[in-house]
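Q: What follows is a single structure, and I will ask about it in a moment.
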Amino acid sequence: MQTESPPLAAATATQVARIVVAGHVDHGKSTLIGRLMYDLGLLHQSKIDDVVAASSRRGVAPEWSYVLDSLQEERDQAVTIDTTRIWFTHRQRRYTIIDAPGHRQFLANMLSGASEADAAILVVDAAAGIGEQTLRHAYLLAFLGIRHVIVALNKIDLLDDARVRYGELSAQLRDALRRTPPVAVIPVSASRGDNVAARAATTPWYDGPTIVDALEAVRRVAPPVQRPLRIAVQDVYRRDGARIVAGTVAGGTVASGDPLVLLPADVPVVAHRLVRWPDGDVAGAAAGETIGVVLDGERFAGRGDVLAPPLDRPQVAQRLVLEMFWVDVRGPLQNERLRLKRGTQDVPVVVDGTPSAYDIEEARTLGAAGDAQHNIVTLQVRATSPVVFDRRADDPHGARCVLLRGSRVAAIGFTIDAADASGDGGGPVTLVERERRSGRRAAIVWLTGLSGAGKSTLARAAERELFERGIAVSVVDGDLLRSTLNTDLAFSDEDRAESVRRAAAVAGILAETGHVVIVSLISPFVSDRARARDAARHPFYEVYVNAPLATCEARDPKGLYRRAREGAIRSFTGIDSPYEPPASPDLELRTDTLSVPEAAAELVAFVDGVTAPSR
Ligand SMILES: Nc1ncnc2c1ncn2[C@@H]1O[C@H](COP(=O)(O)OS(=O)(=O)O)[C@@H](OP(=O)(O)O)[C@H]1O
Ligand SMILES: Nc1ncnc2c1ncn2[C@@H]1O[C@H](COP(=O)(O)OP(=O)(O)O)[C@@H](O)[C@H]1O
């Protein structure tokens with residue numbers, strides 16, 4: 001894919017501007033581009049002679065649209081051209097002119113990222129006036145988030161009352177283009193060159209910019225490195241005790257030591273170190289790179305999360321307005337379940353309300369989205385968990401998203417904004433809202449240890465104390481799960497892995513309601529506990545409830561050790577099934593030396609500390 005590197009690049013060019021030229025062929029698009037090449041002195045004299053000769057043979061004034069066709073065949077010009085792009089340099093600035101062919105192909109190119117335009121020239125035939133084509137192009141430019149639109153009101157030389165007509169048309173155009181108000185409406189004659197590069201004597205009443213002036217005023221849309229920092233989290237690894245958050249820098253730059261915010265959880269973090277494979281530690285990274293971020297402390301992060309600067313953060317919402325180019329055969333239905341992919345996020349969504357479609361051929365909005373294929377659909381969706389996104393108006397690049405129906409791409413487009421949730425009861429309550437109300441961070445506190453070590457006793461004692469302090473807390477106890485959810489499981493290694501997985505899932509559901517969840521489960525294997533931690537979408541802390549086997553066996557609160565020694569129970573942890581203690585737990589409680597109140601107080605103090613709102 002060719003985006004930024006034209007085959008002809010002037011070494012001295014310092015700036016780039018990418019301009020998309022839209023408009024019906026008959027409205028003079030090719031003529032304007034050809035004339036622009038001529039006026040900027042980019043054509044060889046031989047080429048100019050060819051155009052003049054060919055035109056005079058047909059008895060017409062020089063036809064500048066010929067230039068484009070004939071340049072296609074030649075490679076030694078100051079202009080380089082392929083089917084949809086033209087590159088040239090003017091006054092130290094490198095221009096890419098992107099021809100907008102059929103609107104579907106144009107949309108597909110722009111949406112796939114093959115092109116990103118800084119500005120658009122919309123060519124409108126002044127004699128023909130504003131037709132469907134113009135409305136369609138105006139809509140598409142707004143859809144693509146192109147904000148710098150220059151209107152070339154062409155064929156002004158054919159009008160008797162050019163001044164009056166210009167006044168009328170520019171008012172109508174400003175109305176038609178209200179979503180992206182034009183920066184200039186320029187009366188031009190592409191064939192005569194009026195107001196293309198030189199101010200025309202024929203339009204003394206016009207004191208605005210020429211096409212070339214307007215092009216020079218185009219500001220480049222910020223390249224990815226100059227956009228706000230966005231790191232899309234792909235995965236989280238544990239290595240040598242550290243948690244490494246691996247992600248793609250989707251925009252901006254990051255340096256080690258930068259304060260960041262982890263979204264959607266809204267947790268302040270510090271990019272303690274940055275690592276790149278296989279180089280190891282690096283000082284910084286920029287857009288386009290894949291990087292490992294070692295966060296300070298024991299932080300939870302998962303695929304789909306986003307790291308951003310605290311003062312320039314993206315939006316977070318569960319209800320969103322999307323504008324999508326619909327590619328699937330069938331349009332979206334109210335209440336239909338789809339999936340929204342954005343960066344590394346992939347979340348189930350439900351279509352809210354009635355989507356509406358803009359019919360591109362007809363250049364008008366339809367009430368419903370039944371005939372949505374190859375049209376633009378505006379819809380509102382409700383996600384099952386918070387979505388981190390940029391608004392198209394803030395950054396069209398960061399706002400790109402895809403809707404999937406099953407595994408098929410149904411639509412490609414943009415996140416527009418958070419939907420107003422006030423209309424119908426406010427939508428699902430989010431974790432952020434719950435945490436704001438409870439004044440506590442949800443967390444999973446995972447107690448592991450031998451049977452009889454004291455997990456249940458301490459979990460219940462801590463639960464009581466935290467509850468008394470007004471903290472939303474609940475306990476997920478292995479014993480209870482074994483008699484309810486897990487009645488199909490025994491104590492083989494596989495069944496224990498499954499029991500740990502289920503307990504983690506239940507804890508996750510409870511934590512999502514804003515609770516501090518204390519899990520008490522033997523969970524004897526390091527690998528199962530690591531999986532639980534990695535699957536967790538909330539801060540996760542491992543607590544080792546440690547008492548020597550002899551102590552546990554002496555306690556034998558349920559007589560299970562005795563039965564295990566007698567051979568009545570098989571695969572009993574500590575007897576004929578292993579227990580792997582955590583190598584570096586977040587907290588260790590020695591219940592053989594501490595009393596129940598002492599151990600419980602330590603656990604409460606720990607939970608209190610890690611769920612405090614300031615963290
Ligand atoms: N073979 C064997 N091994 C270990 N434990 C056994 C066994 N058979 C029954 N029990 C009782 O089941 C409780 C442990 O269940 P867990 O779900 O916590 O175990 S695991 O995490 O799936 O390994 C455990 O509860 P606690 O004593 O509260 O830990 C025992 O009461
Ligand atoms: N410091 C302590 N912490 C927790 N339990 C203790 C402690 N000291 C003695 N115990 C006793 O040990 C037993 C632990 O049983 P339990 O909490 O059911 O363990 P687990 O849930 O780990 O199987 C209880 O009878 C409890 O009174």
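Note that Cβ sites are derived from N, Cα and C of the backbone, with glycine treated the same way.
What TrEMBL records for this protein is below:
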type: DOMAIN; residues: 14-229; note: domain 'Tr-type G'
type: BINDING; residues: Gly449, Leu450, Ser451, Gly452, Ala453, Gly454, Lys455, Ser456; note: ATP binding site
type: ACT_SITE; residues: Ser523; note: active site, phosphoserine intermediate
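Neighbours and distances for these, please.
A: Long-range C-beta contacts of Gly449 (ATP binding site), restricted to its own chain and to partners at least six residues apart, with a cutoff below 8 Å, comprise Lys455, Ile522, Tyr544, Val545, Asn546, Ala547, Thr591. In the three-state DSSP scheme, Gly449 (ATP binding site) falls into the coil class.
Counted within 10 Å of its Cβ, the other Cβ atoms near Ser523 (active site, phosphoserine intermediate) come to 27, all protein chains included.
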Q: Using C-alpha atoms, which one of the binding-site residues Ser451, Ala453, Ser456 comes nearest to Ser523 (active site, phosphoserine intermediate)?
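A: Sorting the binding-site residues by distance from Ser523 (active site, phosphoserine intermediate), the top entry is Ser451.
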Q: Leu450, Ala453: which of these binding-site residues has the highest Cβ count within 10 Å of its own Cβ?
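A: The largest 10 Å Cβ neighbour count belongs to Ala453.
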Q: Out of Ser451, Ser456, which of the binding-site residues is least crowded by other Cβ atoms within 10 Å?
A: Ser456
Q: Quick test of your reading of the structure: among the recorded positions Gly449, Leu450, Ala453, Gly454, Ser523, whose CB sits under 6 A from ligand 1?
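A: The qualifying recorded positions are Ser523.
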Q: Please check the recorded positions Ser451, Gly454, Ser456, Ser523 against ligand 2 and give me the ones with CB under 6 A, sequence order.
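A: Ser451, Gly454, Ser456, by Cβ distance under 6 Å.
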Q: Averaged over the domain 'Tr-type G' (14-229), what pLDDT does the predicted model reach?
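A: For the domain 'Tr-type G' (14-229), the model's average pLDDT rounds to 85.
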Q: Around the recorded ATP site, report the further residues of that chain (criterion: Cβ within 8 Å of the mean position of the Cβ atoms of Gly449, Leu450, Ser451, Gly452, Ala453, Gly454, Lys455, Ser456; site residues excluded), sequence-ordered.
A: Thr457, Ser520, Ile522, Val545, Ala547, Cys552, Thr591
